[in-house]
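*Asks:* Provided herewith is a single structure, encoded as structure tokens, for subsequent inquiry.
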Amino acid sequence: LAQSLFALFASSLAISLVFAIIPLCHNVVVLAVVMAVAGLAMGCIDTISNMQLVKIYQKDSAIFLQALHFFVGFGALLSPLIADPFLSDTNCILSNSTANASSNLPHIRKSLVPHHPGNLSHYDLPMKGMVVTRVSYAFWIMALINLPVPIAVFFLLYKERMGAGFHFFSLLSADELAMETRPTEKDDLSTTVQRPHAAEGHDDLFSCCQSKNFRGASYTYFAVHITGALVLFMTDGIVGEYSGFIYSYAVEEPLSVVHKVAGYLPSLFWGFITLGRLISIPVSYRMKPATMVFINVVGVLITFLLLLIFSYSVVFLFVGTASLGLFLSSTFPSMLAYTEDILQYKGCATTVLVTGAGIGEMVLQLLVGSIIHDQGSYSFLVCGMIFGGLAFTFYTFLLFFHRMYPKPSSDTDDASPDKPAVMDDTGQYQR
């Protein structure tokens with residue numbers, strides 16, 4: 001826990017520093033390095049926050065994961081609104097001879113749409129002249145907005161006496177932390193129950209990567225990890241490719257949506273993702289994560305099928321975008337809760353699933369972009385249908401491996417990864 005808090009502190013502080021530095025980068029290589037640091041920091045925050053919620057709340061983690069990812073979507077919806085007042089309506093650099101030419105800029109985006117690249121040589125985009133953008137202020141505002149986060153994490157470190165005396169780089173060992181945080185032993189039963197909690201809560205941050213945890217593991221142990229990661233590879237990949245290419249698809253034929261109207265589609269998509277995650281917080285209290293994931297993947301598949309059938313309808317494009325946002329909204333947190341429930345809340349599955357989701361969001365955007373460039377905009381929906389079908393197929397395999405996975409038993413070896421890690425106050429395994 002101490003290592004996780006320190007990693008969260010360092011990562012969240014790095015994000016504020018990166019946002020403050022970005023406007024000062026006048027070289028594309030320096031900007032690329034700075035953005036890479038931001039990506040690493042965000043990846044650490046994403047993995048650690050999900051993993052610690054699972055380990056702390058265990059069978060109740062579904063509700064907290066839904067709340068966590070609601071704020072992820074809320075941030076994605078809010079940050080463009082913060083930046084919008086500082087964006088220029090024209091080119092960010094204007095010269096006297098090309099001030100009038102800037103009115104052609106909205107048409108440049110259309111000409112850049114894949115499959116119809118066009119010839120941009122007649123557009124004069126000045127590289128020198130008067131700078132008319134104030135976008136730097138947006139980055140500095142975001143850096144200030146984020147600053148309370150590392151301050152709050154630092155306060156947690158101080159409050160728990162994990163960072164006393166700025167002793168971050170020589171943190172207490174797991175045994176010492178367990179001794180400090182162990183409650184008073186009231187009776188033999190409470191001692192038996194609480195000791196596994198102390199040891200489990202303060203595992204090494206990279207304990208799930210140790211080979212000793214895999215000794216004696218059944219093939220279903222690995223199969224659950226792999227199939228869960230593949231489901232999120234597809235669903236998070238759909239989120240990335242849909243939000244990235246829905247504008248380009250809408251402005252192309254046969255829909256030919258007006259550019260300003262098409263610009264609302266990504267906002268609508270993220271808005272309904274945020275709304276869906278908000279709705280999922282109370283729903284996850286009543287519904288099992290496995291059921292929620294099933295509804296999500298089936299809903300995504302049906303929505304893409306209807307989008308293909310009504311591909312000439314602008315109205316249904318908006319309806320389908322909203323529907324897709326709702327179905328994709330709770331897939332990630334529900335899958336995390338479901339997979340960790342199968343594997344008895346070790347936290348290792350969270351790392352694998354978050355990594356699989358991140359790779360999918362990166363790879364599928366590149367793949368879909370190249371396919372649209374070669375095959376045309378209609379292939380955008382076909383790709384989504386294929387990815388939705390694969391997500392449903394992998395989820396079916398996950399259900400099969402769940403049935404095959406060995407049930408927890410009291411005589412399971414302590415070193416085995418199949419052993420349930422935590423018991424509740426009644427001595428029953430948490431499921």
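In case you wondered, yes, glycine gets a Cβ from its N, Cα and C as well.
Relevant sequence annotations retrieved from TrEMBL are reproduced here:
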TRANSMEM  30-49  transmembrane segment
TRANSMEM  61-82  transmembrane segment
TRANSMEM  137-158  transmembrane segment
TRANSMEM  221-249  transmembrane segment
TRANSMEM  261-279  transmembrane segment
TRANSMEM  291-310  transmembrane segment
TRANSMEM  316-338  transmembrane segment
TRANSMEM  350-372  transmembrane segment
TRANSMEM  378-401  transmembrane segment
REGION    408-431  region 'Disordered'
*Asks:* Between the transmembrane segment (378-401) and the stretches 30-49, 137-158, 221-249, 291-310, 350-372, work out which stretch tops the count of Cβ pairs under 8 Å.
*Replies:* 221-249
*Asks:* For the transmembrane segment (221-249), which stretch among 61-82, 137-158, 291-310, 316-338 has the most Cβ pairs under 8 A?
*Replies:* 316-338
*Asks:* What stretch, picked from 61-82, 261-279, 291-310, has the most CB pairs under 8 A with the transmembrane segment (316-338)?
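*Replies:* The stretch with the most contacts is 261-279.
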*Asks:* Taking the transmembrane segment (30-49) as reference, which of 61-82, 261-279, 291-310, 350-372 has the most Cβ pairs under 8 angstroms?
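*Replies:* Counting Cβ pairs under 8 Å, the winner is 350-372.
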*Asks:* Is the transmembrane segment (61-82) packed against any residues at least 6 beyond its ends, judged by a Cβ distance under 8 Å, and which are they?
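*Replies:* Contacts with the transmembrane segment (61-82): 49-50, 53-54, 138, 141-142, 145, 267, 270-271, 273-274, 277-278, 280-281, 284-285, 289, 329-330, 332-334, 336-337, 340, 345.
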